[in-house]
Amino acid sequence: MKAGANTPPKVGFVSLGCPKATVDSERILTQLRAEGYLLVGDYANADVVVVNTCGFIDAAVEESLEAIGEALDENGKVVVTGCLGAREGGDFVRGAHPKVLAVTGPNQAGAVLDAIHAALPPAHDPYTDLVPPQGLRLTPPHYAYLKISEGCNQSCSFCIIPSMRGKLVSRAPDDILREAEALVAGGAKELLVISQDTGAYGVDRKYRTAFHNGRPLKTRITDLCAALGELGVWVRLHYVYPYPHIDELLPLMAEGKILPYLDVPLQHGSPRILKAMRRPAAAEKTLDRILGWRQAVPDLIIRSTFIVGFPGETDADFAELLDFLRAAELDRVGCFAYSAVEGAPANAIAGAVPEPVKEERRAAFMAVQEAISRQRLQRRVGQRQRVLVDAMARGGRVIARSASDAPEIDGVVHLGKAAGLQVGDWVEVAITRADAHDLYGMVVSA
């Protein structure tokens, strides 16, 4: 039923893309609820639909355009936001779907709300008490993404994110701490710290000092993590470049303040290709840093992502990448075949790699990594670990995660049937076996 004279206006929402986009969606949804809008999960009952898009690679662009088209077909009133909305100042989306009501870029909640207000005025008497203090979230209650900055100062040749989200803009640390405290009070037991470049947090603010609860707090990733570590929940860091000052986080991991886990987007192992990517090209220094991290924190889990088939990548470059992979022994790895992104400087680099070769290299890469992952997971068999219940599967089977695994992108711990457990519970388990991706265990104590 659509909104009438006495019914609140209803908004449908489709959120695509990365965790940073998820946080943008949550902020918009929270404000909509505060203004009295109802949020619905189907096109038929919505008065207007918002589609938060991704535009990073071709597959994401296609998915976003399809989602916009479906929303137009099923509902007819659509507001588009997100990274794809920033392409060509919105003309790219309008060219494909001229009937959309409005197009905005990422991190533009105000513009999205203005477009919704124009199409569907808010109720005159919003009940702000309908919104929980931690806001509305798209993740399960037991974990939450905590975005600490917008934009990026890097100029990687394969990426157009800076042109979409702009230069680095760090949030004030006291603002982040207030949000984190509200999330924990609302039931979050894990905070996943995200940004485009987490280690660069505070550079734009010149690391100025703020105050939280009367205590000084520097706008610096080490100080922020130390403060988050006092909240008594898992704190997991994503999108961390291997800057030298990341070494300062290791004592916090050793003390149990933050998880011994780093998501480090390395992208390649060949200095020549790294230079073409406009990434730090000293792969041997990165390898030394990884080995140093592991000496300081033996339980450290390192996740990374790589690109194969980058323009100009030769067999020798790919062999260097595999050598790097074997030497680094990373725990969790994702690999993508290079996909040209409209507007990226890498498109002008000569030596395009044929698609079949890209896929062959990707398969070879993942075969090497699978053996490494299997071996590293096997070392945990026989250990006792504290895990977080993530989901209940068919037949009462329990799916959990250890401190080594981020939601959705890493592995899980399969526990079989375990009576009395609920999503969000902590439980101690004994690891009984492992494969290349997941662990298997039995409950020791809840």
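Cβ coordinates come from backbone N, Cα and C, glycine included.
Positions annotated as domain 'MTTase N-terminal' by Swiss-Prot, on the basis of sequence analysis: 9-121. Annotation comment: Swiss-Prot describes Cys18, Cys54, Cys83 as [4Fe-4S] cluster 1 binding site. Here Swiss-Prot flags 138-375 as domain 'Radical SAM core', drawing on sequence analysis. Here Swiss-Prot flags Cys152, Cys156, Cys159 as [4Fe-4S] cluster 2 binding site. What Swiss-Prot lists as domain 'TRAM' is 378-445.
You'll find the Cα of Cys18 ([4Fe-4S] cluster 1 binding site) roughly 15 Å from the Cα of Cys152 ([4Fe-4S] cluster 2 binding site).
Rounded to a whole number, the distance between the Cα atoms of Cys159 ([4Fe-4S] cluster 2 binding site) and Cys83 ([4Fe-4S] cluster 1 binding site) is 12 Å. Counting other C-beta atoms within 10 Å of each candidate's C-beta, the binding-site residues Cys156, Cys159 are led by Cys159. Using the Cβ center of Cys152, Cys156, Cys159 for [4Fe-4S] cluster 2, the list of other same-chain residues with Cβ within 8 Å runs, in sequence order, Gln154, Ser155, Phe158, Ile160, Ile161, Pro162, Gln196. Neighbour density around each Cβ, counted as other Cβ atoms within 10 Å, peaks among the binding-site residues Cys18, Cys54, Cys83, Cys152 at Cys83.
Classification of Cys152 ([4Fe-4S] cluster 2 binding site) by DSSP places it in coil, neither helical nor stranded.
When the binding-site residues Cys152, Cys156, Cys159 are screened for a Cα within 10 A of the Cα of Cys54 ([4Fe-4S] cluster 1 binding site), none qualifies. Take the mean position of the Cβ atoms of Cys18, Cys54, Cys83, the recorded [4Fe-4S] cluster 1 site; other residues of that chain with a Cβ within 8 Å of it are Leu16, Gly17, Lys20, Ala21, Thr53, Gly55, Phe56, Ala60, Gly82, Leu84, Pro106.
For the domain 'Radical SAM core' (138-375), the model's pLDDT averages out at 92. In the three-state DSSP assignment, the secondary structure recorded for Cys18 ([4Fe-4S] cluster 1 binding site) is coil.
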